[in-house]
(Lines of atoms letter the chains of each structure in order from A and count residues from 1; the text may use other names and numbers.)
(Lines give C-alpha, C1' and ligand atoms only; values in the text may rest on other atoms or scores of the structure.)
Protein backbone atom coordinates (compact mmCIF):
# COMPACT_ATOMS: atom_id res chain seq x y z
CA UNK A 1 0.00 0.00 0.00
CA UNK A 2 1.46 3.40 -0.88
CA UNK A 3 2.54 5.43 2.10
CA UNK A 4 0.07 8.15 1.15
CA UNK A 5 -2.81 5.76 1.78
CA UNK A 6 -1.56 5.17 5.34
CA UNK A 7 -1.47 8.83 6.34
CA UNK A 8 -3.75 9.65 9.28
CA UNK A 9 -3.06 13.39 9.40
CA UNK A 10 -6.06 15.22 7.92
CA UNK A 11 -4.07 18.07 6.38
CA UNK A 12 -1.46 15.75 4.87
CA UNK A 13 -4.14 13.41 3.59
CA UNK A 14 -6.05 16.33 2.05
CA UNK A 15 -2.91 17.62 0.38
CA UNK A 16 -2.14 14.15 -0.95
CA UNK A 17 -5.63 13.74 -2.38
CA UNK A 18 -5.45 17.14 -4.07
CA UNK A 19 -1.96 16.47 -5.43
CA UNK A 20 -3.09 13.09 -6.77
CA UNK A 21 -6.03 14.73 -8.55
CA UNK A 22 -3.80 17.35 -10.11
CA UNK A 23 -1.30 14.73 -11.27
CA UNK A 24 -4.09 12.64 -12.78
CA UNK A 25 -5.35 15.66 -14.72
CA UNK A 26 -1.95 16.82 -15.97
CA UNK A 27 -0.97 15.76 -19.47
CA UNK A 28 2.10 13.78 -18.37
CA UNK A 29 2.97 10.21 -19.17
CA UNK A 30 2.30 7.28 -16.84
CA UNK A 31 6.01 6.85 -16.08
CA UNK A 32 6.28 10.42 -14.78
CA UNK A 33 3.13 9.98 -12.73
CA UNK A 34 4.55 6.81 -11.17
CA UNK A 35 7.82 8.61 -10.44
CA UNK A 36 5.85 11.34 -8.70
CA UNK A 37 4.07 8.78 -6.49
CA UNK A 38 7.43 7.37 -5.38
CA UNK A 39 8.78 10.88 -4.82
CA UNK A 40 5.72 11.91 -2.79
CA UNK A 41 5.92 8.74 -0.69
CA UNK A 42 9.63 9.42 -0.18
CA UNK A 43 8.84 12.91 1.10
CA UNK A 44 6.22 11.53 3.45
CA UNK A 45 8.61 8.92 4.82
CA UNK A 46 11.37 11.51 5.17
CA UNK A 47 9.07 13.85 7.08
CA UNK A 48 8.17 10.96 9.39
CA UNK A 49 11.85 10.22 9.99
CA UNK A 50 11.71 6.88 8.17
CA UNK A 51 14.86 7.53 6.17
CA UNK A 52 15.35 3.98 4.89
CA UNK A 53 11.87 3.95 3.35
CA UNK A 54 12.38 7.45 1.99
CA UNK A 55 15.61 6.44 0.26
CA UNK A 56 13.94 3.37 -1.25
CA UNK A 57 11.16 5.53 -2.66
CA UNK A 58 13.59 8.13 -3.97
CA UNK A 59 15.64 5.39 -5.66
CA UNK A 60 12.51 4.13 -7.40
CA UNK A 61 11.57 7.67 -8.44
CA UNK A 62 15.03 8.18 -9.96
CA UNK A 63 14.68 5.00 -12.01
CA UNK A 64 11.54 6.42 -13.61
CA UNK A 65 12.05 10.18 -13.69
CA UNK A 66 13.66 11.77 -16.74
CA UNK A 67 13.14 15.47 -15.99
CA UNK A 68 16.44 16.97 -14.75
CA UNK A 69 14.73 19.41 -12.39
CA UNK A 70 12.74 16.66 -10.70
CA UNK A 71 15.75 14.34 -10.60
CA UNK A 72 17.78 17.13 -8.99
CA UNK A 73 15.12 17.68 -6.34
CA UNK A 74 14.99 13.96 -5.56
CA UNK A 75 18.77 13.74 -5.28
CA UNK A 76 18.81 16.82 -3.03
CA UNK A 77 16.36 15.15 -0.65
CA UNK A 78 18.50 12.02 -0.61
CA UNK A 79 21.57 14.12 0.22
CA UNK A 80 19.69 15.77 3.09
CA UNK A 81 19.05 12.31 4.54
CA UNK A 82 22.70 11.32 4.17
CA UNK A 83 23.72 14.57 5.84
CA UNK A 84 21.27 13.94 8.70
CA UNK A 85 22.68 10.45 9.13
CA UNK A 86 26.25 11.77 9.35
CA UNK A 87 27.20 10.34 5.95
CA UNK A 88 28.74 13.63 4.93
CA UNK A 89 30.95 12.40 2.07
CA UNK A 90 28.00 10.60 0.53
CA UNK A 91 25.90 13.73 1.03
CA UNK A 92 28.49 15.84 -0.81
CA UNK A 93 28.55 13.35 -3.71
CA UNK A 94 24.76 13.31 -3.90
CA UNK A 95 24.47 17.10 -3.70
CA UNK A 96 26.92 17.26 -6.61
CA UNK A 97 24.79 14.81 -8.60
CA UNK A 98 21.76 16.98 -7.85
CA UNK A 99 23.63 20.03 -9.13
CA UNK A 100 24.70 18.12 -12.24
CA UNK A 101 21.01 17.51 -12.96
CA UNK A 102 19.88 21.02 -12.03
CA UNK A 103 22.59 23.61 -11.30
CA UNK A 104 20.08 26.16 -9.98
CA UNK A 105 19.69 24.69 -6.51
CA UNK A 106 21.33 27.09 -4.06
CA UNK A 107 20.28 24.96 -1.09
CA UNK A 108 22.54 22.15 -2.33
CA UNK A 109 25.46 24.56 -2.42
CA UNK A 110 24.53 25.94 0.99
CA UNK A 111 24.45 22.47 2.54
CA UNK A 112 27.72 21.45 0.90
CA UNK A 113 29.26 24.57 2.41
CA UNK A 114 27.93 23.64 5.85
CA UNK A 115 29.76 20.34 5.62
CA UNK A 116 33.00 21.93 4.37
CA UNK A 117 32.83 24.59 7.09
CA UNK A 118 32.28 21.90 9.73
CA UNK A 119 35.28 19.95 8.46
CA UNK A 120 37.28 23.19 8.57
CA UNK A 121 36.36 23.78 12.20
CA UNK A 122 37.30 20.20 13.09
CA UNK A 123 40.67 20.56 11.36
CA UNK A 124 41.24 23.92 13.05
CA UNK A 125 40.44 22.47 16.48
CA UNK A 126 42.93 19.68 15.76
CA UNK A 127 45.64 22.21 15.00
CA UNK A 128 45.67 21.45 11.27
CA UNK A 129 45.37 25.01 10.03
CA UNK A 130 46.36 24.29 6.41
CA UNK A 131 43.62 21.67 6.13
CA UNK A 132 41.19 24.00 7.89
CA UNK A 133 41.94 26.79 5.43
CA UNK A 134 41.37 24.44 2.48
CA UNK A 135 37.98 23.37 3.87
CA UNK A 136 37.02 26.97 4.67
CA UNK A 137 38.01 28.00 1.13
CA UNK A 138 35.83 25.22 -0.30
CA UNK A 139 32.96 26.39 1.88
CA UNK A 140 33.50 29.93 0.64
CA UNK A 141 33.51 28.78 -3.00
CA UNK A 142 30.19 26.93 -2.82
CA UNK A 143 28.61 29.54 -0.56
CA UNK A 144 29.58 32.28 -3.00
CA UNK A 145 27.79 30.33 -5.73
CA UNK A 146 24.74 29.91 -3.47
CA UNK A 147 24.61 33.64 -2.71
CA UNK A 148 24.86 34.44 -6.42
CA UNK A 149 21.91 32.14 -7.13
CA UNK A 150 19.86 33.47 -4.21
CA UNK A 151 20.96 37.04 -3.40
CA UNK A 152 19.86 38.09 0.06
CA UNK A 153 18.62 34.59 0.83
CA UNK A 154 21.52 33.53 3.00
CA UNK A 155 22.43 36.48 5.18
CA UNK A 156 24.25 34.28 7.69
CA UNK A 157 26.47 32.96 4.91
CA UNK A 158 27.07 36.45 3.54
CA UNK A 159 28.12 37.53 7.04
CA UNK A 160 30.46 34.52 7.35
CA UNK A 161 32.04 35.31 3.99
CA UNK A 162 32.59 38.93 5.04
CA UNK A 163 33.82 38.18 8.57
CA UNK A 164 36.34 35.58 7.36
CA UNK A 165 37.65 37.79 4.56
CA UNK A 166 36.49 35.31 1.94
CA UNK A 167 33.88 37.60 0.42
CA UNK A 168 33.95 38.69 -3.20
CA UNK A 169 32.47 42.12 -3.70
CA UNK A 170 30.76 41.01 -6.93
CA UNK A 171 28.64 38.50 -5.00
CA UNK A 172 26.42 41.27 -3.71
CA UNK A 173 25.73 42.97 -7.03
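Every residue gets a Cβ built from N, Cα and C, even glycine.
According to Swiss-Prot, the protein has these features:
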| type | residues | note |
| --- | --- | --- |
| REPEAT | 35-68 | repeat 'TPR 1' |
| REPEAT | 72-105 | repeat 'TPR 2' |
| REPEAT | 120-153 | repeat 'TPR 3' |
So how many of the residues in the repeat 'TPR 2' (72-105) end up helix, strand or coil by DSSP? 27 helix, 0 strand, 7 coil
Confidence summary for the repeat 'TPR 3' (120-153), mean pLDDT rounded: 96
Based on DSSP, tally up the residues of the repeat 'TPR 3' (120-153) by helix, strand and coil. 27 helix, 0 strand, 7 coil
